[in-house]
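> My questions will all concern the structure given below.
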Amino acid sequence: MALLVHLKTVSELRGRGDRIAKVTFRGQSFYSRVLENCEDVADFDEMFRWPVASTIDRNEMLEIQVFNYSKVFSNKLIGTFRMVLQKVVEENHVEVTDTLIDDNNAIIKTSLCVEVRYQGTDGTVGSWDDGDFLGDESLQEEEKDSQETDGLLPGSRPSSRPPGEKSFRRAGRSVFSAMKLGKNRSHKEEPQRPDEPAVLEMEDLDHLAIRLADGLDPDSVSLASVTALTTNVSNKRSKPDIKMEPSAGRPMDYQVSITVIEARQLVGLNMDPVVCVEVGDDKKYTSMKESTNCPYYNEYFVFDFHVSPDVMFDKIIKLSVIHSKNLLRSGTLVGSFKMDVGTVYSQPEHQFHHKWAILSDPDDISSGLKGYVKCDVAVVGKGDNIKTPHKANETDEDDIEGNLLLPEGVPPERQWARFYVKIYRAEGLPRMNTSLMANVKKAFIGENKDLVDPYVQVFFAGQKGKTSVQKSSYEPLWNEQVVFTDLFPPLCKRMKVQIRDSDKVNDVAIGTHFIDLRKISNDGDKGFLPTLGPAWVNMYGSTRNYTLLDEHQDLNEGLGEGVSFRARLLLGLAVEILDTSNPELTSSTEVQVEQATPISESCAGKMEEFFLFGAFLEASMIDRRNGDKPITFEVTIGNYGNEVDGLARPQRPRPRKEPGDEEEVDLIQNSSDDEASDGGDLASVSSTPPMRPQVTDRNYFHLPYLERKPCIYIKSWWPDQRRRLYNANIMDHIADKLEEGLNDVQEMIKTEKSYPERRLRGVLEELSCGCCRFLSLAEKDQGHSPRTRLDRERLKSCLRELESMWQQARTLRAQVKRHTVRDKLRLCQNFLQKLRFLADEPQHSIPDVFIWMMSNNKRVAYARVPSKDLLFSIVEEETGKDCAKVKTLFLKLPGKRGFGSAGWTVQAKLELYMWLGLSKQRKDFLCGLPCGFEEVKAAQGLGLHAFPPVSLVYAKKQVFQLRAHMYQARSLFAADSSGLSDPFARVFFINQSQCTEVLNETLCPTWDQMLVFDNLELYGEAQELRDDPPIIVIEIYDQDTMGKADFMGRTFAKPLVKMADEGYCPPRFPPQLEYYQIYRGNATAGDLLAAFELLQIGPAGKADLPPINGPVDMDRGPIMPVPVGIRPVLSKYRVEVLFWGLRDLKRVNLAQVDRPRVDIECAGKGVQSSLIHNYKKNPNFNTLVKWFEVDLPENELLHPPLNIRVVDCRAFGRYTLVGSHAVSSLRRFIYRPPDRSAPSWNTTGEVVVNMEPEVPIKKLETMVKLDATSDAVVKVDVAEEEKEKKKKKGTAEELDEEEPDESMLDWWSKYFASIDTMKEQLRQQEPSGIDLEEKDEMDNTEGLKGPVKSKEKARAAKEEKKKKTQTSGSGQGSEAPEKKKPKIDELKVYPKELESEFDNFEDWLHTFNLLRGKTGDDEDGSTEEERIVGRFKGSLCVYKVPLPEDVSREAGYDPTYGMFQGIPSNDPINVLVRVYVVRATDLHPADINGKADPYIAIRLGKTDIRDKENYISKQLNPVFGKSFDIEASFPMESMLTVAVYDWDLVGTDDLIGETKIDLENRFYSKHRATCGIAQTYSTHGYNIWRDPMKPSQILTRLCKDGKVDGPHFGPPGRVKVANRVFTGPSEIEDENGQRKLTDEHVALSALRHWEDIPRAGCRLVPEHVETRPLLNPDKPGIEQGRLELWVDMFPMDMPAPGTPLDISPRKPKKYELRVIIWNTDEVVLEDDDFFTGEKSSDIFVRGWLKGQQEDKQDTDVHYHSLTGEGNFNWRYLFPFDYLAAEEKIVISKKESMFSWDETEYKIPARLTLQIWDADHFSADDFLGAIELDLNRFPRGAKTAKQCTMDMATGEVDVPLVSIFKQKRVKGWWPVLARNENDEFELTGKVEAELHLLTAEEAEKNPVGLARNEPDPLEKPNRPDTSFIWFLNPLKSARYFLWHTYRWLLLKLLLLLLLLLLLALFLYSVPGYLVKKILGA
């Protein structure tokens, strides 16, 4: 559909001037060209075309404005014409002449004549002949152009032109083509003119650019990219893809480490919880904790995997808490939590640290949460390094809600939801059984069956469900739904849907599809739940021919890129959030399979006939293994076109046309009618005729197509869902442009071109225009084709996202400044990711197109092209990027065969033209082909013109000569075992190839060679070839003496083309050398510096070409060098080399290296070091500095690499290469004279640096630090503070403990204080890191990134609260001020290696790794590490030859040292090395029990210390606290290895991990890393000065070495160094408290600010602890734990240092806790009385401190409590060992009876008190419990009445006390339990007294347990009713029966007497009667 406006003339204009017209429709404006100097009539005669996506409404308007054009001012409006399109819509064609109206709507004389045509949906157009619409080339070009213009120019957006901006004049096509094409290369070397800074060169645009320059802001011009290749240089060709090898599907190493720290609030009574950790199918369990709802584990688990990333990230991590699991029973599940590995991996740093996982019960979804588990989860791939947040003592009270284990943006309250996956039907399944049996059956019974029995299996969140099996069906129909129940949003990203073939032996996958839930839902506030379909998804996998053992079976499982279409499946997905309160809900989460309602045929879209056309223009680089058989290429789309094994192809019927169907009017091309009438018997031709390849060179063949190019075409039927692909294409186009622009900007920054910010502004302008264009196109498709809910929602969210992107891009554009380019570039990268994410359409429609190369009817190699890239649309932006373009395809081997080196060799290179679109739009399918061909049709009856051609014959051909200027390559791949290569380059163009010469033994060859290709025949129009030459492929090989050359890498280039009629002159020629990135598989493998030119050979033959100078180098043979205009301009440079020494040389060919020498070579010149005569004795060189002169290019970017090679001089003059190193860039070694105007050089005037006296602070003032982020320090006067304290005593705890006593402090106090400071700093950085600009500066400090997390907010809120309580001075504050930091001197804790902080200590001595052996490929797993054979230490300095004067004139300049003045001597020196090992964290478990028994081993030279007897049993976080002294002599022993081993009782000890420290660089560094400089100077105590030299001596030494004036001490407390003055305290106290004068404090303050000293200053290493990762050579790249240590070094010729610091771990202090249980009250009554039915309880109290097994103690039982009151007077005694610094209790115990030794555990100090109901014959009933953390527990209530539940739940702020400060506490505490609804309820109150004593005090003042001596407690006064009835039956009769029932009893007694009398009476009556009768 399109609206066409033909603007003819405007007449009756006034005056004379330049006129321009603007035509607007639907907010989309086009400008006419400018008519200059016209008088009363302006004859525009221009066509404008709007492709419209939705039908035009009758009320829409067309607006035409006519302006007087002005170059300088804004255009002046003459008049406007508006027209309602009603008539146009009705008649499709209207011609109008009418007057214009002015601004005030008044009619003016000027009139205009315009013709409007409308081409409707059905393709009908008003009175119109075919040629008019389709034949006229110029019209089409014109339209194309207008669209391009409006996509790019700032003025094209509706009303976006700011007033005053000059309007852009339409100057024909060529401006734009020039702008769009730019050039195929960039001018790297041309000097830029100051007046036009953008990279666009003037000359490119010929004469038109002059107009452009004044009509356009230079930023908005789109340029071709800086490297010719990254961009699509023209309209006829698409960009080739450089990376070859499929990366997916290859297995990698992964490690999942999970620490389960503790669980809280577990639901259930008195449970024995175990945590089970599952990753995938591996399960591990923690130990069992008895009888607690908040168990503390701190156990670490590691799972190792070697699988492909896809499989890894879909694995589920599941944490479940199980109650009372033991050997016999599996226990009951309390709750579980699951998430997939991918979610963890996508977190910052690939980890969750100290987060709480919410447990829920999958079998009972109506219940709420079941508790929390605190854990760390990390996923490490090979080469990821994880920064573990520093493990310090975790004292901060955990805020569970703020630290949930959920990714950013997931709400904490997740709801249960049902996921319905509806499986409707499938089509196009391949054959899955052998046909043998089927043929037998067919022969006997005559039945013909489909050979596949499919069913669908769905995997989600660790569960799977499957549909029924449909027997023998290629088109199965299921209509079933698989229902999963899981929490929403789920923490599993992907759902896997797999069609499988059911088989008796084993089921195999037919195809797999992954549904990415992030793509089918949106979590924004206007988002939507996951939804999909009903839509077809296509499945790809292995080839369709059935074999019993399919080598590509993995592809069907979804691993790797599918190589063939397998099937398509119609499915839908819906999510329903469950209302869990609904009683009808089934509460289980088992997967269910139910019937689904069938859907209509057409709901997935109306079936349309699509037409795919392809023309093969070239087939070259065919691998020689396929060179002997005829070759044919087959193209398939779905099963269409697949002739070999598309057996099960559904022959889709051609849809019947209902009468009145609007598509009937097939006017777009009249030709297709006859074809429709003859039943569509247009057969598809899907493969090219077989042809035998011809030889190109030794490796490759080509097919001789010459002028006859074979074609293919295929008709296929698919649901018409083009709209989806169109929207994706528009976004792809925007993203491609953006990516190209960002690459430009990066390249400009990298090559230091001027004005990158302008290019970035241009890129952002383009982005906002693109977004705007998307909005206008996409909004119109609202009422289009049947769409699924996902289509509608996605469209809405894309519109929202792009609108916001449009706005952000506009604002960003305004913010781009020179210094912010890098930051803004990062933000733009986010745009790019977002666009790519949005463009990926989850609902497929048309399957991808596969091109297979068949040799001998076998499939050899393939390429896969997404169908959306080929799709045609009338709207240009919606067209796929490769549609109607020539695409270069490299065919690759299928599946695993393509891994590794096999995947690097090209199987074939195709130049292929493709077009895909609706059959009825296929009129123009040949329009993008290179011109000049004739069609050859298949001879077939009538309607011949309707058929596509089977081949094209090119009549025109042009002859060219290609000159390849191969200058040099750098950083190539090492292909030989020597660590070098013998590289040569092979250049391919069309069907010719040539090689450069082979250069031996180098990774940086400078070939300097020109290759000339003659008589190249190219087919097509000359002009097209100029803009669009074919690409050149350059492959680099390593020449081997034996066998064939090894492939080292490949790159592409486009040549610069000169036509015969152009001159060979600037600016285009001669071409400049450029760097091309070389790829080997997906990895980069160096750069090639070269230039390529393609010169047309005109009628005069080669005489016209620029002359070729003959070979200059006669000794090189007939090799032509790169000509003068192209090779770089050289200058003379001097390279000075500092030779220091060689280290760690390994053996070469089993022989030790004895007499090594270093050869330095750069650009053919070089220098050799002196020979080391005995490497063993002294590996240093005796001549330190040598130099050589060399000619290097002026341009630093073109500098050749410098090669360092080490050879061993053997006997008889033989040399062996030991190893080599290539310094790829000399830039960092180029000498740049210092900027003397910089402030740091300013040596006049004094700068005073004042140091506050802060050493001897006693109780002068207390600092109360307010807020983590504020710097306000409140100083409180002590006297007032005392008053405050007294005032507050009643309401809150005392303010703080006293100033710490010196004698109490040790090194650990200092360490823990420092760690707190470090955490504080990290914390402060986090919130302030929000603003990107500042963030950059901060990144280098600790590397914490990311906006404030919810946890931060929570913490900030807490801080606020604290602030309030502190400032409310009157003291009702419920919480005392934060713990005041006592003044402890601190050291610096580095969370990483010291080297990374101080730039590897390479301030003047650099270390170069010497490599040898081949570079490993991924599958060998050999890393860089394994190739290192030694290290060369030295340095380089490069400068232009006349040395700057000021250097040589400086004082003390020694010419023998050149630029390396003042370096120390490198003679051997003896050093005392003192290694302090503090502790290790997160060690990798080495034993089966998931623990390790670590000890330290240290190696330095010949010394090997193994501290084996002091191993620490069963610990993954051992505290070593040891120092080791080693004497070493540098340089022989300079590599220190500190390793952690695992002690084993039997067998050898295993290495857990080790770290290596280069001591020599530290020793000689200017940063003075020998002994860290402390914060303060003190001569005694815990902070004693460690260095034998005092600060003043160090300062004097530094000043002397750095030639700095000073130090001048005096008056006391002041020192002057250069122009800096430092002041500070001047006195020091010795041990006895005597004060004396000293200069040390000020000297120290000068040292701590040494970096401020002009010229010589640099940071000095402070006193520190560094954290080093432990690595294990068997598991390269994966951290095995971390080690905290530091190293001191003291030269032996200096005074000896003192004794080492004592850092042995603190011994826990012994305490005794005495707990007296006095009474209980309000205890719930559990039992019913046996006789009376009264409620009562038999109460006893149980308590423990360390764990229920070890030390639980029970009171006696208070029987028969009727009121819930119990009296006990019972004492518990708990002795324990306590570490105050870590607030942990230390227990040592054997883990089991089999354990060899005791294991030490640290657990939090928590006292647990429980109330129980005693039962004699059944288990006791648990009534409730409370846990008191001894460091902070609520103060007990004075009376039972005041004691409430709030005290324990923590919801209300209550005053907290610490038993370690209070020593004695008494009060009432509430006891809680959970009821059925999981809510806490009060079940009793207990009155207790806690008394804490140290072990010594307890010994002096002993007490008895329970109520025993000494100091016994009196018996409780219990009511008489408290006793056991069966022990005292009489008592119980008295109390229970008599008390209650005495009247009843008396009555009963009377009754009994009466009855007795009656009985006696009856008994005696007969006797008496007899007596009476007988009268006896």
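Cβ from N, Cα, C; glycine included.
Note that this is a predicted model, so its numbers are computed, not measured.
Among the features that TrEMBL reports, compositional bias 'Acidic residues' is placed at 129-145, 660-678, 1331-1340. Residues or ranges marked as compositional bias 'Basic and acidic residues' by TrEMBL: 1349-1362. If you look up TrEMBL, you'll see 1-98, 236-357, 400-531, 944-1069, 1116-1242, 1443-1572, 1693-1844 marked as domain 'C2'. Residues or ranges marked as region 'Disordered' in TrEMBL: 127-171, 642-696, 1280-1301, 1322-1384. As annotated by TrEMBL, transmembrane segment applies to 1941-1963.
So that I understand the layout, could you describe where these features sit and how close they are to other parts?
Across the domain 'C2' (1-98), DSSP helix (H, G, I), strand (E, B) and coil residues number 6 helix, 60 strand, 32 coil.
Sorting the domain 'C2' (236-357) by DSSP state (H, G, I as helix; E, B as strand; all else coil) yields 14 helix, 61 strand, 47 coil.
Helix, strand and coil counts from DSSP across the domain 'C2' (1443-1572) read 17 helix, 53 strand, 60 coil.
Computed over the domain 'C2' (1693-1844), the whole-number mean pLDDT of the model equals 88.
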> If we skip the immediate neighbours and take only residues 6+ beyond the ends of the transmembrane segment (1941-1963), which ones have a Cβ under 8 Å from one of its Cβ atoms?
none
> Would you call the domain 'C2' (944-1069) and the domain 'C2' (1693-1844) in contact, using three or more Cβ pairs under 8 Å, pairs 6 or more apart in sequence?
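Counting Cβ pairs under 8 Å, fewer than 3, so no.
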> State, in range form, which of 1-98, 236-357, 1443-1572, 1693-1844 has the highest count of Cβ pairs under 8 Å to the domain 'C2' (400-531).
236-357
> For the domain 'C2' (944-1069), what does DSSP give as the number of helix, strand and coil residues?
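The counts are 9 helix, 63 strand, 54 coil.
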